[in-house]
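Annotated features, as they stand in TrEMBL:
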- 20-260: domain 'G-protein coupled receptors family 1 profile' (DOMAIN)
- 6-31: transmembrane segment (TRANSMEM)
- 38-67: transmembrane segment (TRANSMEM)
- 73-95: transmembrane segment (TRANSMEM)
- 116-138: transmembrane segment (TRANSMEM)
- 158-177: transmembrane segment (TRANSMEM)
- 209-228: transmembrane segment (TRANSMEM)
- 240-262: transmembrane segment (TRANSMEM)
Amino acid sequence: LALNPWDVVLCISGTIISCENAIVVVVIFYTPAFRAPMFLLIGSLATADLLAGVGLILHFAFVYFIPSEAVNLLTVGLLVTSFTASISSLLTITIDRYLSLYNALTYYSERTVTRTYIMLILTWGASICYGLLPVMGWNCLKEPSACSIVKPLTKNHLIILSASFLTVFAVMLQLYVQICRIVCRHAHQIAVQRHFLASSHYVTTRKGIATLAVMLGTFASCWLPFAMYGLLGDCSSPALYTYATLLPATYNSMLNPIIYAFRNQEIQKMLWAVCCGCFSSMLPFRSRSPSDV
């Protein structure tokens, strides 16, 4: 096969994604203190994105060096599983943020830990089922006319995936709107109780809303183009459009560690400790508080 520059770019993206998320996974896995629900969800997101990066690398290697339909199905299944788990993990993080604000008094109970494990089981269970569909026979290898813009996924399979993404996006949007309302109300109450100036209240509120906007905006700008094109395109659509919408989708896995992990103060402390050669798992932090809004 002639080397496709788009495939090279995707492979490079996969390498960067793998390196970034491997750092997060290693730090969380080897730090006993990072067993709180917040870190479990961040670890789930980093694991999913790590597998997505590995899947992009393997897909490139198998397409150009070991061409095989069976292997291609496995790599596509891995990519479907990992990207689905990544999007689902973002949803669970959003749910955790919302519940931590809405039920602040009960968030620190054991119910939070149980709920986190249930969300993780559902997330990975559904993602694995989605990824196994092409391997178990729901593919277009025997019927090319049924192919979607991403071979060997069928058009119906990609429609389900795209519709699922739009559903997740709608739920996240609604939750973030509710979070914004809670943040504004809390900021106003704190300002009144402590006799802060109105400008301080507006600064705090604007900062929180801007952070939420960056999170949701990044997710939407990366995945919406591919999801909409997955609904509208088919096997006869130009491959250029597929690559042009798929590449930004991979960037979401590249940006997730920066937004959800590297911004976290406790993870920052641990990374600095590792870089300075003074690794310690006893760094103080809030054991069960959610990620910063």
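Each residue, glycine too, has its Cβ placed from N, Cα and C.
It should be emphasised that the depicted structure is a prediction, and the values quoted were computed from it without experimental measurement.
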* **Same-chain residue ranges lying at least 6 outside the transmembrane segment (6-31) that approach it to Cβ under 8 Å** => 39, 42-43, 46-47, 49-50, 52-57, 59-60, 63-64, 239, 243, 246-247, 250-251, 253-254, 256-258, 261-262, 267, 270-271, 274, 281
* For the transmembrane segment (38-67), could you work out the same-chain residues 6 or more beyond its ends whose Cβ comes under 8 Å from its Cβ atoms? => 1, 3, 7-8, 10-11, 13-22, 24-25, 28-29, 75-76, 78-79, 81-83, 85-86, 88-90, 92-93, 96, 116-117, 119-120, 123-124, 127, 250, 253-254, 256-257, 260-261, 264, 266-267, 288-291
* Asked: So which residues does the transmembrane segment (158-177) touch in its own chain, when a touch means Cβ under 8 Å and the partner is 6 or more beyond its ends?
  -> 80, 84, 87-88, 90-91, 94-95, 97-98, 130, 148-150, 212, 215-216, 219-220, 223-224, 226-228, 230-231
* Between the stretches 116-138, 209-228, 240-262, which wins on the count of C-beta pairs under 8 angstroms to the transmembrane segment (73-95)? -> 116-138
* Asked: By a Cβ-Cβ criterion of under 8 Å, what residues six or more beyond either terminus of the transmembrane segment (209-228) are in contact with it?
  -> 87, 90, 162, 165-166, 169, 172-173, 176, 179-180, 183-184, 244-246, 248-249, 251-252, 255, 259-260, 292-293
